[in-house]
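Look at Swiss-Prot and you will find 1-15 tagged as signal peptide. Here Swiss-Prot flags 16-158 as domain 'Globin', drawing on sequence analysis. The heme b binding site annotation in Swiss-Prot covers 74, 109 and is backed by sequence analysis.
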């Protein structure tokens, strides 16, 4: 069964976004990737259930924790993982590393994250990107397959 899942992930990677799509998404991402706190804030603001999944933030006022070192550190980890995957995209030799990162994510999040929460995270990320980057139909058509690949790879490990 594990082999089948791995084979499907590799097949998804091979059928993933084109080089041009990856390049356009990376260029867009590079303009906001250092806004880690703002990105996580936007995700939590739109999805309080995701915030409550993190015990250190559950039940706390989002605006009051946004500027704290704990929030900043956690935003760095969450958005940092996405940035690492974005950096690895575009080189087929990096596929095993991407899959390993997804597997690590799955191990650490299996008990507290759901595919639905990842879908909501993705939607909130897109809303953030639309407001914080130059977003047009070309950028959107580049991001869609990149996000499909990244989030399906992560969800496969939950």
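Numbers run from 1 along the shown chain.
Just so you know, glycine gets a Cβ as well, placed from its N, Cα and C.
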Least surrounded among the binding-site residues, given as 74, 109, when other CB atoms within 10 Å are counted: 109
Secondary structure content of the domain 'Globin' (16-158), with strand meaning DSSP E or B: 107 helix, 0 strand, 36 coil
Mean per-residue pLDDT computed across the domain 'Globin' (16-158): 96
